[in-house]
Amino acid sequence: MAAYGQISSGMTVDPQVLSSSRNIGVSLSPLRRTLIGAGVRSTSISLRQCSLSVRSIKISEDSRKPKAYAENGAFDVGVLDSSSYRLADSRTSSNDSRRKTKIVCTIGPSSSSREMIWKLAEAGMNVARLNMSHGDHASHQITIDLVKEYNSLFVDKAIAIMLDTKGPEVRSGDVPQPIFLEEGQEFNFTIKRGVSLKDTVSVNYDDFVNDVEVGDILLVDGGMMSLAVKSKTSDLVKCVVIDGGELQSRRHLNVRGKSATLPSITDKDWEDIKFGVDNQVDFYAVSFVKDAKVVHELKNYLKTCSADISVIVKIESADSIKNLPSIISACDGAMVARGDLGAELPIEEVPLLQEEIIRRCRSIHKPVIVATNMLESMINHPTPTRAEVSDIAIAVREGADAIMLSGETAHGKFPLKAVNVMHTVALRTEASLPVRTSASRTTAYKGHMGQMFAFHASIMANTLSSPLIVFTRTGSMAVLLSHYRPSATIFAFTNQRRIMQRLALYQGVMPIYMEFSDDAEDTYARSLKLLQDENMLKEGQHVTLVQSGSQPIWREESTHLIQVRKIKIGG
């Protein structure tokens, strides 16, 4: 195949390629990048200004300046500009009714049966979370085995497994019966083990007395109760109740504005992490990460184990906010754990911090989860509060990859209804979002060929209202496409089961397992047939095919391709 000229507004074209019009393909490189308008016909896309007829334009990274390669097809090229968003258009007009924001469900007594895991998966669960603060390895092993059994039955459905470490939590001890704390009452915490009296309970942290000071505010169970420290001895912290409530066993304790001087990864956490390595979980959610050193320590350990597990940091302490940039850079993704975050910091800061964490993660292509109290009332009630519905919508609008259910599915009375509510609210909110891309030109393509192609593929898919199909061995192009938030689904075909599992967390990505063929056309045809058989594509619909990277499906050298095809049933 010969090169016909550099990509520019004055690109030259071999006249022999003008005769065929089977497929549409274009390399969206520096052609002023203004997408003004498109009139879609069965064999071509009409854009303004200069005309180019090709089946596909492939960019080779072998030379410094991109070269255009053309074969078979028709395409009219106009001025292409990434700033031409259809801001006035909402996604309601799209034929794609699949939810793009992912749902993380915590598995517990209410949801650990085979039947319930199946039902949660069918209702919309994308990630099964194992909370290592509760249960033992035997119970979590059952959950892992059930999720893997479910995954083995499908090539187009993937439930990822997330192991959430307990972390260095300070908790109250066990109490035989709940203790009701009343405002103004004196109440004590002791570092002596096994104490459970009407006015004193033990804590699990020997340095608790040293960490707190007179005047500190203690928050119990994420702020459900609060106490002021009045005095302390060598083994006792004496408090007065400010906000009362029912104190149950093993409630979490925070000191407002302070983090406990505990290691971020405890001995128990290391045991749980090894358990995750043995079971090949997909994600670790690491609790109370204070700095990037913790992330590097865990990643180094995983490297020695040859374990391909992504590290999600939980941002939930005052220290994590101080070190946020370095922590986000070091991790593979983040969770906005609003419960403890709102306990250690003023609650009015939490919405702003949520927005900031989402923005930082999205700017460097890392997934972000919004968690805690999303549908808290549905633990005991069949319908959510209106504020909870708005909370879900805000997380979706801010661009979170996933939203999480904790007690709602772990021990709540209505786990399936909670998932259904989250699914419905997220889907409706997504339909109202403007059709656009969110990146600036400088981040779109400067110095990164893959980002450039993902950026322009998203623009093309938005303009044509077409789904994207990406073929990936590493998941990287699917992640880049997710970053630019195209309005339609990203069907990510991969021949790696681990990559399929990992992509389950990313916004807008539907991972599908499929063996790749040496024949690119065979791989294309099988992918389209699979989607047609599952009624995910319709007759006459256009799809945007994307391939980019060092391991393309049709040849060994690094190649990039964007191609548009029209679906013909049986053709």
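Just so it is clear, glycine is given a Cβ too, placed from its N, Cα and C backbone atoms.
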Among Thr101, Thr143, Thr304, Thr372 - the residue Swiss-Prot places in the same substrate site as Arg129, Lys314, Gly339, Asp340: Thr372
Which same-chain residues, if any, lie at least 6 apart from Met132 (ATP binding site) yet have Cβ under 8 Å of it: His140, Leu163, Asp164, Thr165, Lys166, Lys268, Asp269, Asp272
Minimum Cα separation from Asp340 (substrate binding site), reported as the residue among binding-site residues Ser133, His134, Glu316 that achieves it: Glu316
Binding-site residues near Glu316 (Mg(2+) binding site) (Cα-Cα within 10 Å), from Arg129, Asn131, Ser133, His134, Arg171: none
Cα-nearest neighbour of Thr372 (substrate binding site) within the listed binding-site residues, Asn131, Ser133, His134: Asn131
Residues Asn131, Met132, Ser133, His134, Arg171 [recorded ATP binders]: greatest CA to CA distance in Å: 16
Same chain, 6+ residues apart, C-beta under 8 Å of the C-beta of His134 (ATP binding site), given in sequence order: Gly108, Ala410
8 Å Cβ shell about Asn131, Ser133, Asp164, Thr165 centroid, K(+) site members excluded: Arg129, Leu130, Met132, His134, Leu163, Lys166, Gly167, Asp272, Ala285, Ser287
Site diameter for substrate, Å, by largest Cα distance between Arg129, Lys314, Gly339, Asp340, Thr372: 18
